[in-house]
Amino acid sequence: MSSLSQQFELQHRDSIQESLLNESSIYNQDDYHLESSQSISNGKQFQNKAKLAMEERAEKEQQQSQQYILEKIRQLYNDSLEGVSLKLNILYQLPILRPKQIILWKLFINLLTLFVFFEVPVYIAFGQGFWKELDTEKQVAALYYSISLFLVIDMGLDFITAYYKHGVVITDSRKIAINYLYGNFFFDLTALIISIARLSLFTPNFRFIFLMFYFKLPSFLRFDDQLNEMVLLYRRTRVFYEVGKRVIFMFFAFNVFLCVFYIIGLHSVASNYNSWLTNSGNFGIILDRPLHEIYFFGFYFSLGTVSTTMGYGDISPMNIIECSWSLLGVMFGLIIFANNINSFQKMMEEYNLNDLKQFKYKVSINKFMEQKQVSSELQEIIRQYLNEYWHQQGLRDQEQEILVFQMLAPELKQELMYQSYGQFLQTTFFSKYFSKPFLKDLSEKISEVNYSTGNVIIEAGDSNDDQSFYFIQSGTVIIKCGNSEVVKKKLIKGDSFGEFAFMTGQARTATAYSQEYSQLHKISRNDFLDILKHYPDDYEIFCKLRDELIFSQHFQSLGQFCWTCHKFDHYAYSCPFTHYIPEVQDLVENATILNSNQDRMKIQRYDRKHWPTRTNQKTLVNGLNKSKIKKFANVMLKTVKNINMQKQSPLKKQSSIQQSAQSFGLDSESKLEFNKSESIQDDSLKINQQDDGDISQVQLTEQKDVEKNNLSSLQNKLNQYRDQQQYQIHQGLDYFDEPQNFKYYQKKFNYSNYKVFQGFKESQMKKQINIRKSFMPGTYT
């Protein structure tokens, strides 16, 4: 029992221990679970934090990488922009060319292109051996090198060549480059690549790729349109150009036909078919002949087949393929032949259309003149005028021109008239004083007039004249002053006339007629004034110019001058070198008035008893000498002045000088000296006129010597007169100094002297009246 109890106790103790152990393990497990859950939760938080940190870091790195990439892209973009801007600046700095400026270059390029168009089918069909047989292989290679280089230059020029869009020329470099890139750049680049590939050693096996050179055809056709516009106004040139184009096209068709026919023949021979190359006809087996002879026989067959659709049978197709190609050539030839016949007929009609129209006009005017019994001389003059008129007009049809002008917009019509008729306005005074809008409106009023040989354009004093302004487009116009027959000026193309009456509204002062058939541009004064009403500023300028011409004779403002002496203060009809123009006021003053200011002389007065004494002799002598010598010097100076005036106006009358000399009592010797000096001056002036103003140095020295002699003679005369007057004064003073007795004074003692003085006064008055009557008729008392 004890053992059992002990055993039971032991078991119970063990069970208690186990239970305790189990409880402690449970507690430990709970703690572990708690700790593990806490650690797990802490790990998750750490994971989340780490994950957030990683995400933030990755996002930051991504942002940095994106920012770096953006900076690189921005830098590359800026660099590319700088490069593009630099290229654009270089492109903008290049000069812009107009299509007409490179017309010769384009002609050269298109001739080279035309050669390649002909050579490509020959090279595809016959290969390089065609040129080897002719020993021209190196020349052809050099030619293609040159063609490639010229095509590169041509493409570069197309980038700076202006073009037309909707009738407006585009000169912007950027637009020109874009237009060429989107236009013909691809075709020109393809043609350039093919021309370079033509020089390669590997291309003979791929010869058909050279057909891509025909991408150059759009540029070729565009140049053809440009040439058509250039020759549009030249009838014969246009006809020859059209005929040449059709001939070139026919030869190109013959060339292509024979090359294809030769390729078909080679294919037939390779396929063991009978062919025109192996048929022994009149020329034997053609295949055994050299390539250039085969080309000639093929051209012979194509010419007969395509052009006339018939042959002689010496060369004929021998299989179905050759017959089919020949039938296509015949059908093509029928179409081309019919088109060419129609084109040639139209060209011949156009070529003779103008002649037929002129013939109808001649028939109608001749019928009219025959029915009205017009004199034969007038009929011949009219016929010759019409012939000259049609010759000068050329292909112009004024009726059609008017219809076309009506189709244009007002601004285009005004600009067309300004560019066509307003060109001569730029060479006259209009462009100097008037505004451009006014000139554009005025250009629409310009009309064309034609004059035959001898026709009077304007006539001096014509009351029915419309006071128009004329500009010479072609021909010659003769100007005569007034009704005189002396020719004053010959005007040619580019000259103008009629400006004085046009600006002032006064009568014509000259007569103008055409020396030959002349075409003139005309502006009517009424039309000019009507347009001027709408431009107040220009009207003020017109009034200023008109008043300067009328009141100041300021012809230089219009660029006009005297055609005789080339001065600007008068016209040729009033030139003092060829016309007598009296200066009445100057003549009257020179003849009647010496000096308007009276010279005063201060004399000291003394007692009457001692007046005639010698004490004042010196004062009287000096005073009288001074007064008389001054008057005499005044006469001399006026004489010199008149002589100088005679130099400027050699035809002026010398009566005033002679009368002034007589009025002041010059002796015969002084008169003779004056006449000699005047004759010498006239002779020198005559010599000057004969030499047309170009006086030699010898003549100038002679003239100076003559003037010195004249001045020395005048000075000698002045000294003689002074000595004579001084002697007379001394003699008179001696007489007055004698004691006088007035006791036996009578009136008749001084009567004779008074009569002489009165007669002298009356004679002087009559002389003045006669001089005035000669210049100003009327009654004088």
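Backbone N, Cα and C define each Cβ position, glycine as well.
Database features, via TrEMBL:
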TRANSMEM  107-131  transmembrane segment
TRANSMEM  143-164  transmembrane segment
TRANSMEM  176-199  transmembrane segment
TRANSMEM  205-223  transmembrane segment
TRANSMEM  243-264  transmembrane segment
TRANSMEM  294-313  transmembrane segment
TRANSMEM  320-338  transmembrane segment
DOMAIN    430-532  domain 'Cyclic nucleotide-binding'
COILED    697-724  coiled coil
Stretch in 143-164, 176-199, 205-223, 294-313, 320-338 most in contact with the transmembrane segment (107-131), if contact is a CB pair under 8 A: 205-223
Positions whose Cβ lies under 8 angstroms from the transmembrane segment (294-313), at least six residues beyond its ends: 122, 126, 130, 250, 253-255, 257-259, 261-262, 276-277, 283, 286-287, 326, 329-330, 332-334, 336-337
Surrounding residues of the transmembrane segment (205-223) on its own chain - C-beta under 8 Å, 6+ positions past either end: 106-107, 110, 113-114, 116-117, 120, 123-124, 127, 184, 186-188, 190-191, 194-195, 197-198
Cβ contacts under 8 Å made by the transmembrane segment (143-164) with residues that lie 6+ beyond its boundaries: 91, 94-99, 102, 105-106, 108-109, 112, 115-116, 170-171, 173, 176-177, 179-180, 184-185, 188-189, 191-192, 195-196, 198-199
Residue distribution over DSSP helix, strand and coil in the domain 'Cyclic nucleotide-binding' (430-532): 26 helix, 37 strand, 40 coil
